[in-house]
Amino acid sequence: MTNEFHHVTVLLHETVDMLDIKPDGIYVDATLGGAGHSSYLLSQLSEKGHLYCFDQDQKAIDNAQVRLKDYIDKGMVTFIKDNFRNLKSNLEALGVSEIDGILYDLGVSSPQLDERERGFSYKQDAKLDMRMNEEASLTAYDVVNTYPYNDLVRIFFKYGEDKFSKQIARKIEQARQVKPIETTTELAEIIKSAKPAKELKKKGHPAKQIFQAIRIEVNDELGAADESIQEALDLLAVDGRISVITFHSLEDRLTKQLFKEASTVDVPKGLPFIPEDLQPKVALVNRKPILPSQEELEANNRSHSAKLRVAKKIRK
């Protein structure tokens with residue numbers, strides 16, 4: 001692994017093992033990141049199996065080309081540099097119309113958080129950026145400096161669930177009238193100034209939820225996850241499985257809802273029989289999310305909010 005892209009994989013064995021890997025199957029890692037899940041999944045495949053890896057961050061792909069070299073040399077890996085919302089079109093272009101399993105590790109990866117110049121973290125001073133795809137046009141700077149007050153309030157409430165969204169948006173509006181807000185530290189200080197003193201004494205950084213909200217907006221994370229998971233459920237072969245790791249309530253709620261819609265039937269109660277074409281195509285593998293073990297929680301602080309949900313295809 002390259003030094004620049006160190007990433008501790010969360011729920012490594014649980015996520016892959018729950019896919020019930022077939023050695024000669026076709027699998028997708030929709031969020032390559034540090035390639036931890038990919039490496040473990042590939043170790044379960046024979047040379048007839050294949051893994052398609054998506055990431056929009058070229059640095060993640062460069063790292064994986066080193067880490068997964070032995071499997072690449074055997075022709076077992078294909079990298080796709082694109083947003084996973086384009087899952088189906090990319091796979092179809094490669095002649096893949098059905099898959100045996102897919103995994104998602106949603107949210108920002110550790111290397112992106114740790115790389116100061118990417119501008120994701122309130123803990124390190126950097127230019128406001130937060131793009132997972134460095135070729136994308138919209139940045140955190142654009143959101144903070146150009147979004148109208150009402151739009152800032154909307155995304156802070158919707159994606160950050162911060163009860164001081166209005167006060168924070170007003171402080172941002174006032175500050176940018178004097179000069180543009182350019183760095184993560186500047187923004188974090190403005191957020192802190194908008195919150196009452198008793199809030200600042202609470203556990204956790206006062207800027208965490210707002211930084212999350214801006215990051216989700218910049219990368220359209222929830223929109224992309226919604227589209228991609230729906231495409232994944234469609235692509236799965238019968239008995240194929242999908243594993244999704246989430247790190248905050250918005251992602252988990254979305255995943256839970258998508259799985260629920262696919263695994264339940266929307267018909268009037270009391271019908272003596274449900275027609276074949278109305279039967280659900282998906283079944284939940286775990287009704288309650290799988291959480292990290294105590295051992296993992298102690299070893300990796302970033303695993304604390306992780307939840308794993310798994311579903312399987314039961315008919316086409």
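Residue positions begin at 1 at the first shown residue.
Glycine too: its Cβ is placed from the backbone N, Cα and C atoms.
Taken from Swiss-Prot, the feature S-adenosyl-L-methionine binding site applies to ALA35, GLY36, HIS37, ASP55, PHE84, ASP105, GLN112.
For ASP105 (S-adenosyl-L-methionine binding site), the same-chain residues lying six or more positions away in sequence with a CB closer than 8 A to its CB are THR9, VAL10, THR15, THR31, GLY33, HIS37, ILE245.
Looking at ALA35, GLY36, HIS37, ASP55, the binding-site residues in this record, the fewest other C-beta atoms within 10 angstroms of the C-beta turn up around GLY36. A helical conformation is recorded for GLY36 (S-adenosyl-L-methionine binding site) in the three-state DSSP classification.
Using a 10 Å Cβ-Cβ cutoff, PHE84 (S-adenosyl-L-methionine binding site) registers 25 neighbours. In the three-state DSSP classification, PHE84 (S-adenosyl-L-methionine binding site) falls within a helix. Reduced to three states, the DSSP call for ASP55 (S-adenosyl-L-methionine binding site) is coil.
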